[in-house]
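Visitor: According to Swiss-Prot, the protein carries these features:
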type	residues	note
ACT_SITE	SER613	active site, charge relay system
ACT_SITE	ASP690	active site, charge relay system
ACT_SITE	HIS725	active site, charge relay system
CARBOHYD	ASN35	N-linked glycosylation site
CARBOHYD	ASN78	N-linked glycosylation site
CARBOHYD	ASN101	N-linked glycosylation site
CARBOHYD	ASN110	N-linked glycosylation site
CARBOHYD	ASN169	N-linked glycosylation site
CARBOHYD	ASN218	N-linked glycosylation site
CARBOHYD	ASN465	N-linked glycosylation site
CARBOHYD	ASN490	N-linked glycosylation site
CARBOHYD	ASN665	N-linked glycosylation site
SIGNAL	1-14	signal peptide
Amino acid sequence: MKWSILLLVGCAAAIDVPRQPYAPTGSGKKRLTFNETVVKRAISPSAISVEWISTSEDGDYVYQDQDGSLKIQSIVTNHTQTLVPADKVPEDAYSYWIHPNLSSVLWATNYTKQYRHSYFADYFIQDVQSMKLRPLAPDQSGDIQYAQWTPTGDAIAFVRDNNVFVWTNASTSQITNDGGPDLFNGVPDWIYEEEILGDRFALWFSPDGAYLAFLRFNETGVPTFTVPYYMDNEEIAPPYPRELELRYPKVSQTNPTVELNLLELRTGERTPVPIDAFDAKELIIGEVAWLTGKHDVVAVKAFNRVQDRQKVVAVDVASLRSKTISERDGTDGWLDNLLSMAYIGPIGESKEEYYIDISDQSGWAHLWLFPVAGGEPIALTKGEWEVTNILSIDKPRQLVYFLSTKHHSTERHLYSVSWKTKEITPLVDDTVPAVWSASFSSQGGYYILSYRGPDVPYQDLYAINSTAPLRTITSNAAVLNALKEYTLPNITYFELALPSGETLNVMQRLPVKFSPKKKYPVLFTPYGGPGAQEVSKAWQALDFKAYIASDPELEYITWTVDNRGTGYKGRAFRCQVASRLGELEAADQVFAAQQAAKLPYVDAQHIAIWGWSYGGYLTGKVIETDSGAFSLGVQTAPVSDWRFYDSMYTERYMKTLESNAAGYNASAIRKVAGYKNVRGGVLIQHGTGDDNVHFQNAAALVDTLVGAGVTPEKLQVQWFTDSDHGIRYHGGNVFLYRQLSKRLYEEKKRKEKGEAHQWSKKSVL
């Protein structure tokens, strides 16, 4: 389901203001303020996301209007009809899903967040003719975890109390009855949601709606981590904190086991399907996909525990026989779970059926056609660039639409490739630096082309066989007008050459009214994790980084550097960090800082570094080098020791503790000399309710530093009560950025040999 609150009626015929291949710098005199960038986020481009629907006319979609009503609109003609009036929408509606024939709406209400993607809710089915609402479960109490229509609309599968149910014409069948705290049916446990599936469901209907494949997770034996909540959303703290008992497997600990099940909806028969690609205790199922137009074949992408070996196992539904149809060895690094398998069918005159997937088996991530029956794959794209997303598959035209880095790793352009001729066609001018995306209609005849930067984003509507837009969908004219009042930091992009000959992508933000004759402090803002990317030519939000480059009392240059190990520059570039996280990443950030220090407009004595999550870890590893290149470090929600993080993420890059003990020891932040010597000190921030990167990381790091004699003038610590990894509880986010602003101001004003308090010069007796 996609929310949209913007009407498309009356949109411009085409984009009024041409965009430039660089970020805007404004044409006014106003400077961005803290309140505008951090508190209110006042200047933000908008975009619509539509839920395309299949009707007699291609280009129809459903959206929720500003008054709350559900409407169907033709993106081609702008004709609009009301599906559900505003006064018939259920109270406290959070989300909705439309019946395939538009006869009913499935509503989620009474929303309660769980983890990153998951939530609990009540669900109601609304008949569009009578507008009557029926509860999906009569006794529901905000406890349903997931619900989904079949592709044909004959039934709804839903998950409650970790059990799978099927609703058909007001009759409900319970499919599993063993769900509980340690057994999950149809929904992932915490680690599969966070690290593998990246979503809140683990069930998939066959294309014809006859079968349901779902995963069953068994957490028996998985160690428990306790997260305390001191306030627990109360105004006055309870005498005893609420404790969340979370099954959280850390490095080399027991992982949940996973099992594939098939349900035939007509008979209600459920069958477990063994996947023997790897030992059951080692098996990770990364993806489930139906490789058929009906219900003949379902496939799973299976990995070993450390995710450097992969097998695609196809299951014949009729016989339940399984066969490995594709296999990869990635022991030179790791294998990413890209969730990109999709059925194509026969190609050309051949009756052999194929599916498409993204694979970096050539050293670069590209599109490949794999035979469903097994055999040699066919490369659709190739070269020293990478495919990042499959957007649409047009079977009648035999085309795949995709995004790639063909022009540059910091850019995304839209292309199609024919699986008949292998001809690649750009749908945008790929010689102009930009980031694009697109959303295709249900029959593939139209698409919304989204320009995402570096200039102010906009969206145009195209017909698939036209090179000119039909009209503009979103112009963001209000943002363009607002920017006329401001003068903005100047964002530039370049590459730094390492001694090895490799290059690092850099995004530099120069302060407002920059003068090359002045010297400015610098803030490095890395993330730096495996496969990640921060340096992108997408629109850069007018956020905290824009603020510190605008405030006349701060005027910081910011550098964002994508170190070795980050994504979209080929397998060799990213896999160098395997089994030694923190080493090359820190070396690259130090190298970049040393290069920055040589610039005539950089104050080499005031170069700071701040990172969040993996960026917080990387900041710590940089400080640990004791290079002298950085004068201040800020670590927000950092990992400090990979033994403390979850197994499925960590072992993908570090292998097991038993096989790589030396690597784990080297990757932990334990050397204190850099913390003692960093001239402006270090600030460590962490939420006590972080269920992802546990507060344990900061607690252990601070104990190491204090125990080793790091002084109070060098170390400041700030915890955020009950905040999770995003640090937003009870105003924590604004406090965090105010504190960071204060530290950056103090660092800018810090004198190299300033006087200190007398008690800091001698031992305290």
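Quick reminder: no glycine exception, Cβ is built from N, Cα and C everywhere.
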Visitor: If I take the alpha carbons of SER613 (active site, charge relay system) and ASN665 (N-linked glycosylation site), what is the distance between them in whole Å?
Guide: 19
Visitor: Cα-Cα separation of ASN490 (N-linked glycosylation site) and ASN35 (N-linked glycosylation site), in Å?
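Guide: Approximately 20 Å lies between the Cα of ASN490 (N-linked glycosylation site) and that of ASN35 (N-linked glycosylation site).
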Visitor: Starting from the Cα of ASP690 (active site, charge relay system), work out which of the recorded positions (ASN78, ASN101, ASN169, ASN465, HIS725) are within 10 Å.
Guide: HIS725
Visitor: Measure from the CA atom of ASN110 (N-linked glycosylation site) to the CA atom of HIS725 (active site, charge relay system) and give the result in Å, rounded to a whole number.
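Guide: Between the alpha carbons of HIS725 (active site, charge relay system) and ASN110 (N-linked glycosylation site) there are 24 Å.
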Visitor: Within 10 Å of the Cβ of ASN665 (N-linked glycosylation site), how many other Cβ atoms can be counted across all chains shown?
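Guide: ASN665 (N-linked glycosylation site) is surrounded by 12 other Cβ atoms within 10 Å.
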Visitor: Please report the Cα separation of ASN465 (N-linked glycosylation site) and ASN35 (N-linked glycosylation site) in Å, rounded to an integer.
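Guide: For ASN465 (N-linked glycosylation site) versus ASN35 (N-linked glycosylation site), the Cα atoms are 46 Å apart.
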Visitor: Work out how many Å separate ASN101 (N-linked glycosylation site) and ASN169 (N-linked glycosylation site) at their Cα atoms, rounded off.
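Guide: That separation, Cα to Cα, works out to 15 Å.
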Visitor: Using a Cβ-Cβ cut-off under 8 angstroms and a sequence gap of six or more, which residues of the chain neighbour ASN218 (N-linked glycosylation site)?
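Guide: Sequence-distant Cβ neighbours: ASP182, LEU183, PRO256, THR257, VAL258, GLU259.
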